[in-house]
Amino acid sequence: MSKPILVLNCGSSSIKYQMIDTETEEVLAKGLVQRIATGTTGTVDHEVLSGETGEFHVDQDLPNHEVALATVFKLFDEHGPDLSATVAVAHRTVHGGEKFSAPVLIDEEVVNTMKDLSPLAPLHNPAGIEGINAARKLLTDVPHVGIFDTAFFADLPAEAHTYAIDTELAKKLQIRKYGFHGTSHQFVSGEAAKLLGRDDLKQIVCHLGNGASISAVDAGHAVETSMGLTPLAGLVMGTRSGDIDPGVVAYLSRELGWDAQRIDTELNKKSGMLGLTGHTDMRDVQEAADSGDERTKVGLDVYIHRLVFYIGAYATLMGGLDAITFTAGVGENSAEIREMACERLGLFGVELDKEANATRSKSPRVISTPNSKVKVCVIPTNEELAMARQALALISK
Ligand code: AMP
């Protein structure tokens, strides 16, 4: 019997969803809600992908997540698939703090704990809680499962997750490295192990999307990752700075009188590739670099420098390296970025197969030569499928 799971990813003004048949892993329906509680007309796009397929669009005021989800569920009722067959709802939740290191069945206590964690992710957790509350109200008879973006990194060794600040202060405010994109790193590292037929791999996963992070995974366990207390740390991203000297924050405040909010906006929304080159999308960055724009070339060099810097460090921390995997928008699609990075990794015995690298595909694949000491892979991430699998495992226990 098919066991459909509804996967929800609620942002402050949007909801992404997929209904996945966990027996066949087929996507039965997917959709996107936009402009919730923005004072403008909201939109819902619902796509039915199994049985009688079709695309449906609704324009409507969506004052809150409950109205938004009720509108989605009405589309399920009218056009399918059958929502009453759903065996669980899986909710993406960004910050699990130190409390959640695995998927959890959501009850009142879990929701309250998530509220307590909101100061750690003020932009993300409140929206997740709104979505959870609305879905629990509308779908009362199914288990709701919370899946945390930080969970895969909950067991990082202390030396990896501890910041060198006053230990009492760190404890009081729960300041430590949490890491994010955990669902993707866990899924992709698991798929790489399957692809290469080994579960003892020392591997590095490069999740290069608009947000970007990198992890070191030794025999299935995460041992390092680049994002920190927040998703601002680490690699150069579309609009986020990644690592900078923390002294820059106080310097900006002293010199320009900027408050915390202004500095947060600068480093999260106006930095990264946007700050360096004027472009967020890597395709535009590459086009500008190819046409000889010097500023963009330097931006691209900074991006690759940081990426290679982390790969070298992580190989050293693991005491070896068997595989590097690229995933997410840039990692899956940009042969140029992969080549620029791999060119600098000869020291580790990385040998890229240029033809395999340039071949476009949606399938998991190896793009290094048979002689390459370190295997290089491209594996499309699929956070929704990973969440559905995790939710099914929890409710089947
Ligand atoms: P994600 O956050 O994983 O959805 O990735 C989105 C990003 O992927 C975009 O902002 C682009 O920078 C990048 N991207 C998508 N397609 C390509 C492509 N063909 N070449 C280079 N970058 C791409």
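Cβ from N, Cα, C; glycine included.
TrEMBL annotations:
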- N9, E383: Mg(2+) binding site (BINDING)
- K16, H207, L208, G209, N210, G211, D281, M282, R283, G329, V330, G331, E332, N333: ATP binding site (BINDING)
- R92: substrate binding site (BINDING)
- D149: active site, proton donor/acceptor (ACT_SITE)
- H181: site 'Transition state stabilizer' (SITE)
- R240: site 'Transition state stabilizer' (SITE)
For a Cβ distance below 6 Å to any atom of ligand 1, name the binding-site residues from L208, D281, R283, V330 that qualify, or say none.
D281, R283, V330
Listed in sequence order, the recorded positions within 10 angstroms (C-alpha to C-alpha) of E383 (Mg(2+) binding site) out of K16, R92, H181, R240, V330 are R92, H181
By the DSSP assignment reduced to helix, strand and coil, which category contains R283 (ATP binding site)?
helix
Could you state the whole-number distance in Å separating the C-alpha atoms of D281 (ATP binding site) and R240 (site 'Transition state stabilizer')?
13
With an 8 Å cut-off on Cβ-Cβ distance and a minimum sequence separation of at least 6, pull the same-chain contacts of L208 (ATP binding site), or say none.
L235, L307, F326, T327, A328, G329, V330, G331, S334, I337
Round to a whole number and give the Cα-to-Cα distance in Å for the pair H181 (site 'Transition state stabilizer') and N9 (Mg(2+) binding site).
13
Whole number in angstrom, please: the longest C-alpha to C-alpha distance across K16, H207, L208, G209, N210, G211, D281, M282, R283, G329, V330, G331, E332, N333 for ATP.
24
Among N9, R92, D149, R240, these being the recorded positions, pick the one whose CA is nearest to that of R283 (ATP binding site).
R240
Name, in the order they occur in the sequence, the residues of the same chain whose CB lies under 8 A from the CB of R92 (substrate binding site) and which sit 6 or more residues away.
V7, L8, N9, C10, G128, I147, D149, T183, E383, M387
I need the nearest neighbour of R240 (site 'Transition state stabilizer') among the binding-site residues K16, N210, E332, using C-alpha distances.
N210
Using the structure shown, find which entry in N9, N210 (the binding-site residues) has the sparsest Cβ neighbourhood within 10 Å.
N210
According to DSSP, which of helix, strand or coil covers E332 (ATP binding site)?
helix
